[in-house]
Amino acid sequence: MKFSQALLSLASLALAAALPHASTPVYTPSTTPSPTPTPSASGSFATTSGIQFVIDGEAGYFPGSNAYWIGFLKNNSDVDLVFDHMASSGLRILRVWGFNDVNTAPTDGSVYFQLHQDGKSTINTGKDGLQRLDYVVHSAEKHGIKLIINFVNYWDDYGGMNAYMRAYGGGDKADWFENEGIQAAYQAYVEAVVKRYINSTAVFAWELANEPRCTGCEPSVLHNWIEKTSAFIKGLDEKHLVCIGDGSDGSYPFQYTEGSDFAAALTIDTIDFGTFHLYPDSWGTNNDWGKLWITSHAAACAAAGKPCLFEEYGVTSNHCAIEKQWQNAALNATGIAADLYWQYGDTLSSGPSPDDGNTFYYGSEEFECLVTNHVETIERSAK
């Protein structure tokens, strides 16, 4: 999901427009001990079985949500509150940002995970860095919630690919996927995060990027990057699933102008399942069209013999009336194994969590419609 920073209630991060450097980035290793969470006694690693997901030994259809912001919270009680509410509501999967890239280190105590500056990549493992994600993983383990952890954003929110290009060079997003220096910095970060949580059963999947695309590129650019990067991750960690995080065909439905080929990506052995997003308002289509979008992706996944994750979907009004149709379409489509609405909202110690217009909050009528009732429908269908 692309969203405006002006809509975020969390403190925005300062990004400096540093001049590009042609040098190969130098990865600065962490000197802070990494308190890697211990796997929960009752949990097991998520896997797939044909076109289904298997969570803690249970094969079926699973509901979940997105809360990109949870790793940036500095109050542990807020993190626990979110997972308490999710678990009691029957939500099983939460997708979070495992990235927070800056070109200038914040001086106000804001959380950031990686600094790209002067051709160097420095991973922040301090209390305002990956230790915040550590607690998210720890709390997820405690509450039985599975996490999808994403490594970089296509969009500029929380740094994104442009934060890399400002530090290491590159003129457009195509350069990001093919520039050796950029990819060295990216892979160093991926390796650090994967190794940090490699033994955690709370991790559902590693995700390459949020909505990666390459406007005007041949599909081979993205495909080759997906193939190379997913193989790199599998070489580090064979225990966890790997997915792309693509919105599928970009902002222009059923076209390849964004350099994405959904069906072709499903053929990559080191990609375990498909992901796709749905925002008709942003794409100039009507809400009813969304059901076709869902069933077409389900068919592609079924043909490939891999599960589909309906990973993001949202509207800014009439949540229940519109999104309920999409949930039902996904639940009844052969090939879809889970759905994650965008996005989860809750009342934290500092006030409401971020609202980008698509958010609906725990305890609201919309939450009852799209979470409580949806979970009940899933449970009935499993009997």
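Cβ coordinates are placed from backbone N, Cα and C, and glycine is handled just like the others.
Per Swiss-Prot, the feature signal peptide maps to 1-18; the stated evidence is sequence analysis.
Taken from Swiss-Prot, the feature N-linked glycosylation site applies to Asn75 (among others). Asn75 (N-linked glycosylation site) falls within neither a helix nor a strand when secondary structure is assigned with DSSP, and so counts as coil. The Cβ of Asn75 (N-linked glycosylation site) has 12 other Cβ atoms within 10 Å, all protein chains considered.
Around Trp283 (substrate binding site), taking its Cβ as the centre, 17 other Cβ atoms fall within 10 Å, counting all chains. Residues annotated as substrate binding site in Swiss-Prot: Trp97, Asn210, Glu211, Pro212, Arg213, Tyr279, Trp283, Trp342.
In the three-state DSSP scheme, Asn199 (N-linked glycosylation site) falls into the coil class. What Swiss-Prot records for Asn199 (among others) is N-linked glycosylation site, and it gives sequence analysis as the kind of evidence.
According to Swiss-Prot, the active site, proton donor/acceptor annotation covers Glu211. Under DSSP, Glu211 (substrate binding site) is assigned to coil, being neither helix nor strand in the three-state scheme.
Annotated disulfide bond per Swiss-Prot: Cys214-Cys217 (among others), in sequence order. Neighbour count (other Cβ atoms within 10 Å of the Cβ, all protein chains): 24 for Cys214 (disulfide bond).
Around the Cβ of Cys308 (disulfide bond), a 10 Å sphere holds 29 further Cβ atoms from the protein chains shown. Cys308 (disulfide bond) carries a strand DSSP state (E or B). The feature disulfide bond is assigned by Swiss-Prot to Cys301-Cys308 (among others).
Listed in sequence order, the residues of the same chain lying 6 or more apart from Glu312 (active site, nucleophile) and placing their CB within less than 8 Å of its CB are Met1, Asn66, Arg95, Gly247, His277, Leu278, Tyr279, Leu340, Tyr341, Trp342. If you look up Swiss-Prot, you'll see Glu312 marked as active site, nucleophile, on the strength of similarity to another entry.
The disulfide bond feature in Swiss-Prot is assigned to Cys320-Cys369 (among others). Counting every protein chain shown, 16 other Cβ atoms lie within 10 Å of the Cβ of Cys320 (disulfide bond).
For Asn332 (N-linked glycosylation site), no same-chain residue lying six or more positions away in sequence has a CB closer than 8 A to its CB. Positions annotated as N-linked glycosylation site by Swiss-Prot: Asn332 (among others).
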(request) Would you identify the secondary structure of Cys320 (disulfide bond) according to DSSP, in three states? (result) helix
(message) Quick check: in three-state DSSP terms, what is Asn332 (N-linked glycosylation site)?
(response) helix
(message) Quiz question: given the disulfide-bonded residues Cys301, Cys369, which has the greatest number of C-beta atoms lying within 10 angstroms of its own C-beta?
(response) Cys301
(message) Need one number for the substrate-binding residues Trp97, Asn210, Glu211, Pro212, Arg213, Tyr279, Trp283, Trp342: the maximum pairwise CA distance in Å, whole number please.
(response) 24
